[in-house]
Amino acid sequence: MAKILLLGSGELGKEFTIAAQRLAQTVIAVDSYEHAPAMQVSDACEVINMLDGEALDALVEKHKPDFIVPEIEAIRTERFYDYEKQGYTVIPSAKAANFTMNRKEIRDLAAKELGLKTADYRYATSAESLKMAVSEVGMPCVVKPLMSSSGKGQSTIKTEDDIEKAWNYSQEGSRGDVAEVIVESFINFDYEITLLTVTQRNGKTLFCPPIGHRQERGDYMESWQPATMEKHHLKTAREMADKVTEALGGAGIWGVEFFVGEEGVYFSELSPRPHDTGMVTLAKTQNFNEFELHLRAVLGLPISEITLERIGASAVILASGNSENPTFEGLEDISAAPKCDFRIFGKPTSRPYRRMGVVVTYDSLDGNVSEVTHRAKQLASKISVRL
Ligand SMILES: Nc1ncnc2c1ncn2[C@@H]1O[C@H](COP(=O)(O)OP(=O)(O)OP(=O)(O)O)[C@@H](O)[C@H]1O
Ligand SMILES: [Mg+2]
């Protein structure tokens, strides 16, 4: 049986670990704090700062895992290249994990090297150079730290007066030692999707039915599957996902994000791992959920097809404030509702807007996706986190 070193132990890692446990694999769950969600279901756990390269080296040396599976971006991913040289398998690959933690690497690869259509973009390293960059891409535009996720440090510039503010805000939200930001033209998209893509070690690349989602404060609120999408746009998105995953290399599931508007499909970014919007697959919308797919790809177990079994939606349960012992109210109400399920992640503490759980709803294939999504949202709003 394989030994998996899981770097990051949040809710996505927890579901991945559960999938691994069902196939009797060994998982060592790592995070910066104790009792993280995936640690509650893993075989062993370790608490380290994963941005500390030496601590990471020591862990790999100690456990000698068959697979190193990153679950988050904030890892000293430069070390992954060494691990590969030493014969370790990084999922999906050192390059994928390293490139996607920095918006510059992945954007330049997608736009310049692979020629994928993206929002027009520039980089800036100071408030002054941001001003220049904004004049080039035009307003409105979006500023993001090169290293950040979940919308941290991200803001939209609508007028000249916003520039200074956007710069300062980006510096507060930046992770790591990089001050640089990307500024990209605001795409007035009709909808955005995540295209879950599975690359296999010895098999063809497969695509899940597209997932629609809605974002607030840079985090997803609801997602639904399948997203209604013109056939030719889906074809374009698949071609782009194929190209970018091929260029990054390796086996695993990827969440490839696109905007779709009047001028077609724009590549936005991608995660070389299960995607938060993909939690909709916990509604059993597919023959395998995104975590099971990731695990199979990691282990090199062939996946012959991905089929849509029913329609579904997910809606997040957020905390309203800080707590050292969060509990939940309203679980009876949603349990009583038909065609609905939920997960409570078991995060030991809460803070404002922290994602604590998710509600999933579903219906048969001839059901209505908007109705299912509306229901997920309504039901999630009935749960409150007691502080
Ligand atoms: N150029 C843009 N035009 C319009 N909307 C945008 C643009 N860039 C980002 N957004 C909006 O902000 C959301 C978050 O952006 P992005 O995915 O780049 O950030 P992130 O911090 O990496 O988010 P996450 O890690 O949660 O995926 C997008 O899903 C989209 O709704
Ligand atoms: Mg994103």
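Cβ atoms are placed via backbone N, Cα and C, with glycine included.
Note: TrEMBL annotation is automatic and uncurated.
Quick look at what TrEMBL annotates:
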| type | residues | note |
| --- | --- | --- |
| BINDING | Glu11, Leu12, Glu71, Asp276, Lys347, Arg354, Arg355 | N(1)-(5-phospho-beta-D-ribosyl)glycinamide binding site |
| BINDING | Arg103, Lys144, Ser149, Ser150, Gly151, Lys152, Gly153, Gln154, Glu184, Ser185, Phe186, Ile187, Glu192 | ATP binding site |
| BINDING | Glu257, Glu269 | Mg(2+) binding site |
| DOMAIN | 108-299 | domain 'ATP-grasp' |
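Structural mapping of features recorded in TrEMBL.
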{"residue": "Glu11", "record": "N(1)-(5-phospho-beta-D-ribosyl)glycinamide binding site", "Cβ neighbours (10 Å)": "24"}
{"residue": "Leu12", "record": "N(1)-(5-phospho-beta-D-ribosyl)glycinamide binding site", "Cβ neighbours (10 Å)": "26"}
{"residue": "Glu71", "record": "N(1)-(5-phospho-beta-D-ribosyl)glycinamide binding site", "Cβ neighbours (10 Å)": "27"}
{"residue": "Gly151", "record": "ATP binding site", "Cβ neighbours (10 Å)": "15"}
{"residue": "Glu184", "record": "ATP binding site", "Cβ neighbours (10 Å)": "20"}
{"residue": "Phe186", "record": "ATP binding site", "Cβ neighbours (10 Å)": "15"}
{"residue": "Glu269", "record": "Mg(2+) binding site", "Cβ neighbours (10 Å)": "17"}
{"residue": "Asp276", "record": "N(1)-(5-phospho-beta-D-ribosyl)glycinamide binding site", "Cβ neighbours (10 Å)": "22"}
{"residue": "Lys347", "record": "N(1)-(5-phospho-beta-D-ribosyl)glycinamide binding site", "Cβ neighbours (10 Å)": "22"}
{"residue": "Arg355", "record": "N(1)-(5-phospho-beta-D-ribosyl)glycinamide binding site", "Cβ neighbours (10 Å)": "19"}
May I ask for the distance between Glu184 (ATP binding site) and Glu269 (Mg(2+) binding site), taken between their Cα atoms and rounded to an integer number of Å?
12
Determine the most Cβ-crowded residue among the binding-site residues Arg103, Arg354, using a 10 Å radius around each Cβ and all protein chains in the structure.
Arg103
Can you tell me how many other Cβ atoms are located within 10 Å of the Cβ belonging to Gly153 (ATP binding site)?
23
What count of other C-beta atoms do you get within 10 angstroms of the C-beta of Glu257 (Mg(2+) binding site), across all chains shown?
21
Going through the binding-site residues Glu11, Ser149, Phe186, Glu257, Glu269, Arg355 in sequence order, which have a CB under 6 Å from an atom of ligand 2?
Glu257, Glu269
Calculate the distance in Å between the alpha carbons (Cα) of Leu12 (N(1)-(5-phospho-beta-D-ribosyl)glycinamide binding site) and Gly153 (ATP binding site), and round it to a whole number.
23
Filter the binding-site residues Gly151, Phe186, Lys347 down to the ones within 10 angstroms of Glu257 (Mg(2+) binding site), Cα to Cα, kept in sequence order.
none
Cβ neighbour count within 10 Å of Glu192 (ATP binding site)
21
Looking only at Arg103, Lys144, Ser149, Ser150, Gly151, Lys152, Gly153, Gln154, Glu184, Ser185, Phe186, Ile187, Glu192, the residues listed as binding ATP, what is the longest Cα to Cα distance in Å?
21
Could you tell me the C-alpha distance between Arg354 (N(1)-(5-phospho-beta-D-ribosyl)glycinamide binding site) and Ser149 (ATP binding site) in angstrom, no decimals?
14
Comparing the Cα of Arg355 (N(1)-(5-phospho-beta-D-ribosyl)glycinamide binding site) with the Cα atoms of the binding-site residues Gly153, Phe186, Glu192, Glu269, the shortest distance belongs to Gly153
Quick one: of the binding-site residues Glu71, Phe186, Lys347, flag those whose CB is under 6 Å from ligand 1, and say none if nothing qualifies.
Phe186
Cα of Glu11 (N(1)-(5-phospho-beta-D-ribosyl)glycinamide binding site) to Cα of Glu192 (ATP binding site), in Å and rounded, measures 23
With every protein chain in view, what's the tally of Cβ atoms within 10 Å of the Cβ of Ser149 (ATP binding site), excluding that atom itself?
22
If you measure from the CA of Glu269 (Mg(2+) binding site) out to 10 Å, which binding-site residues from the list Glu71, Arg103, Glu192, Lys347 are inside that radius?
Arg103
